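Beneath this line is the structure, given in structure tokens, with notes to follow.
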Amino acid sequence: MNNYAVHGIRFIILLLLQVLILNNMLFMGFLKPYVYPLFVILLPLNINKIQALFLAFVMGLSVDFFENTGGVHAAACLVIAFVRPLVLRFSFGINYDYQTLKFYNEGFKQRFNYLAIMVFTHHLVMFALEAFSLKHSLYIVKSTLLSGLFSLFLMLLFVQLIRNRK
Amino acid sequence: MQQIFNFLVRFKTGLTFFLLFFVAIALIIEAHSYHSSKWVSSTNFISGSIYEASYNVSEYFNLKSENKKLSEENADLRNALINLQHNIDFPSDSLITQNTSFKSFPAKILANSYAKKDNYLLLNKGSKDTVAENMGVISSKGIVGVIEETSESYARIISILNSNISINAKLKKSNHFGSLVWDGKNPNLTQLIDVPRSATIQKGDTIVTGGNSLIFPANIPIGYVSNFDLNENQGYYTIQVSLFNDMTSVENVYVIQFNKQEEASLLFQNNASDE
């Protein structure tokens, strides 16, 4: 029960943070960070996969409503929710298979890998669907890399700041 | 039958993913089609009131620059009024009375975007304030966009910085027409395409609205020519237009209502069905 409350509050905080603050934060005129995928990234590790897909869809669609982007963020969130088990296995290795994984017990390097793969996947899908045509492929690659680095930096900061002290 | 069920159970995650992904793609395609009612839009009650609450706070930070813009505009209007009063000796002059079918009223922008390929703005007035689809929106410096969708108390503006819109515009000097579009790169630079090669163009020439559409009255300023090149194969100019209006900071705008829009669009429709 406590867990539901934590994720509910995280959902609302990340959504408001994204649409009210980060969307107005254009670094060098075009670089915009997207931190809301942190909701999908920090979902419980043993969550039902279908549940995860639906939660990711709702998170993305909520951002879409504010940004007037149709279903771009919903689609990007769905993709990272779908590949999450694979990325977890890739970055945390055997600990994930044995269900003994604790996010904050792992080393910084593993956590960094996990975050980076998820962020860049999300940004690539999002910018590709936003441009909606291959003639902007340079724009897609450029925004993915630059915005991705910015988002990744902010996410690492948040992850270190909001860790559970036990 | 058993096997179908087994298949569905085994691939239930993948099937859910594709189902939801399909929904998302459908929403994206819907968002790219101009003039269909949008399901995902920030005009709904929740996002509208959140943006409004946030605007009520951030409004104070821009007061100084907005006041400056408004007082500059007041000065311009006062000058125009003086000229008009000077001409009032000829009240039946058609030059003075011709444009009374357009009416404008003030409104404010609650949310703005300009860094994406398709940008929209949210207006703090909706259908209960007689705002309706296809009304033009201008600021004191130039055009902003066209109202695309309204809810009871909010309206969504499709920005001129959007790949789905093209606006009829002309060279002020020679009245050559073209369409104003945006290539999605620089929020201060739009493109005027399909200007015939017979037009004489110089850098710095003023571009204004054409008046061939039922949305904007003619001669509302848009920008000036910053660069142009001629497509030799097709014989049309592509002109880079620097906007007068800084689309990255618009706050006080005017919605333009064309009282005879219905009557005029009816004529257009009749004409189309005759062909």
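Just so you know, the numbers here start at 1 and follow the chain as drawn.
Note that Cβ sites are derived from N, Cα and C of the backbone, with glycine treated the same way.
The transmembrane segment annotation in TrEMBL covers A:6-27 (among others). Remote same-chain partners of the transmembrane segment (A:6-27), defined as residues 6 or more beyond its termini with a Cβ less than 8 Å from a stretch Cβ, comprise 33-36, 38-39, 42-44, 55, 59, 62-63, 66-67, 150, 154.
Long-range neighbours of the transmembrane segment (A:34-59) within the same chain, counting only residues 6 or more positions beyond its ends whose Cβ lies under 8 Å from a Cβ of the stretch, are 3, 7, 10-11, 14-15, 17-18, 22, 73-74, 76-78, 80-82, 84-85, 88, 96, 99, 101, 103, 114-115, 118-119, 122-123, 126, 147, 151, 154-155, 158-159. Annotation source TrEMBL lists transmembrane segment at A:34-59 (among others).
Sequence annotations record features per position, and here TrEMBL assigns transmembrane segment to A:71-92 (among others).
Sequence annotations record features per position, and here TrEMBL assigns transmembrane segment to A:112-133 (among others). Same-chain neighbours of the transmembrane segment (A:112-133): 34, 37, 40-41, 69, 71-73, 75-77, 79-80, 83-84, 87-88, 90-92, 139-140, 143-144, 147-148, 151-152, 155-156, 159, counting only residues six or more beyond its ends whose CB sits under 8 Å from a CB of the stretch.
Taking Cβ pairs closer than 8 Å, the transmembrane segment (A:139-162) reaches residues 22, 27, 30-35, 37-38, 41-42, 111-112, 115-116, 119-120, 123-124, 127-128, 131 in its own chain, all 6 or more past its ends. What TrEMBL lists as transmembrane segment is A:139-162 (among others).
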